[in-house]
Amino acid sequence: MATTAQKIKEVEDEMAKTQKNKATAKHLGMLKAKLAKLKRELITPTGGGGGGGLGFDVARTGIGTVGFIGFPSVGKSTLMTQLTGTRSEAAAYEFTTLTTVPGVLQYNGAKIQILDLPGIIEGAKDGRGRGKQVITVARTCNLIFIVLDVLKPMSHKRIIEEELEGFGIRLNKEPPNIVFKKKERGGINITNTVPLTHIDLDEIRAVCSEYRVNSADIAFRCDATIDDLIDVLEGNRVYIPALYVLNKIDSISIEELDLIDRIPNAVPICGNRGWNIDELKETMWDYLNLVRVYTRPRGLEPDYSEPVILRTGHSTVEDFCNNIHSSIKSQFKHAYVWGKSVPYPGMRVGLSHVLLDEDVVTIVKK
């Protein structure tokens with residue numbers, strides 16, 4: 001009986017030899033859906049073991065987690081030491097790091113957990129090496145550093161992207177704005193608020209058929225692709241920001257550096273020499289979307305020594321109160337805010353007010 005990996009190979013081979021045109025679009029849609037279902041079997045943990053595997057998953061600390069992903073010996077361990085002071089064994093041979101090595105970076109008043117993950121190899125998503133355990137941990141991170149050696153082929157970048165995508169990780173993307181609601185009867189009802197230029201009704205119905213969805217309301221609020229629809233139907237995708245950390249720039253020319261500096265979402269560094277580490281930290285902070293909020297007791301000056309750290313999208317005054325202590329919300333009367341989120345200093349606000357980075361807040365209790 002064919003294994004899941006063999007079935008995946010068969011579907012991929014059939015897709016590769018199928019010419020893409022209007023006549024084959026429906027068939028390709030069904031093949032993509034079938035492929036996604038097979039890959040789900042690799043993503044979903046099988047019974048018995050569970051977890052990320054011995055030495056892979058670690059207890060979480062801090063307000064956010066950054067995971068290092070890359071091929072062996074690209075400089076992840078050296079970068080870990082530069083950022084956190086945690087010494088992850090580093091050497092000039094491959095597979096130095098065999099387990100997840102955690103460290104903590106203190107930055108802008110926040111504790112950020114850094115995970116140096118073992119190097120992955122091509123085919124990780126299909127179970128080769130320790131790839132499955134490594135990528136399982138990466139799925140839980142708030143930000144991924146894809147560490148690349150600039151002396152190695154830049155094709156490594158695409159290989160790693162494909163490994164992560166094959167495991168349900170979507171890099172630097174927002175979830176597609178597709179509303180899917182399954183129902184008991186009535187057939188497939190499709191609506192769209194924008195023109196659909198990448199997908200047609202037959203493809204949509206073919207994909208639904210592959211998932212045995214006979215009745216559903218599907219509302220497209222973006223110009224989606226067939227892959228976007230499959231991601232929504234699968235329901236197990238994670239959308240994680242990623243930075244491409246281009247290491248060992250001390251070994252290339254200025255002209256070569258100028259070329260790689262054009263790569264989107266990239267920061268060139270030299271881990272051994274500590275070059276550009278400060279810019280990497282600043283960019284990391286921006287990508288984590290963290291919000292620092294300072295407390296100001298009534299009648300006193302603001303306390304800038306220890307900010308309350310919130311996340312963009314979860315930074316209301318109510319979130320601020322809950323972060324300090326769960327009892328504050330029940331005693332809350334109103335708050336005064338100074339900073340970018342208000343039109344004038346000391347504005348009186350309620351629980352639903354959204355705070356911005358470096359706001360100052362005074363809570364008034366009943």
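Cβ atoms here come from the backbone N, Cα and C positions, even for glycine.
Feature list (source: Swiss-Prot):
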BINDING   70-77, 116-120, 247-250  GTP binding site
DOMAIN    64-289  domain 'OBG-type G'
DOMAIN    289-365  domain 'TGS'
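In the structure as shown, the Cβ atom of Ile249 (GTP binding site) sits within 10 Å of 21 other Cβ atoms. All protein chains considered, the CB of Lys76 (GTP binding site) has 28 other CB atoms within 10 Å. Ile120 (GTP binding site) falls within neither a helix nor a strand when secondary structure is assigned with DSSP, and so counts as coil. Mean per-residue pLDDT, taken over the domain 'TGS' (289-365), amounts to 94.
Summarised by DSSP class, the composition of the domain 'TGS' (289-365) is 12 helix, 35 strand, 30 coil. Every protein chain considered, the tally of other Cβ atoms within 10 Å of the Cβ of Ile120 (GTP binding site) stands at 25. Using a 10 Å radius centred on the Cβ of Leu117 (GTP binding site) and all shown protein chains, the other Cβ atoms total 25. Neighbour density for Ser73 (GTP binding site): within 10 A of its CB lie 18 other CB atoms from the protein chains shown. Taking the Cβ of Gly70 (GTP binding site) as reference, residues of its chain lying under 8 Å away and at least six apart in sequence are, in sequence order, Lys76, Gly119, Ile120, Ile146, Val147, Leu148, Asp149, Ile160.
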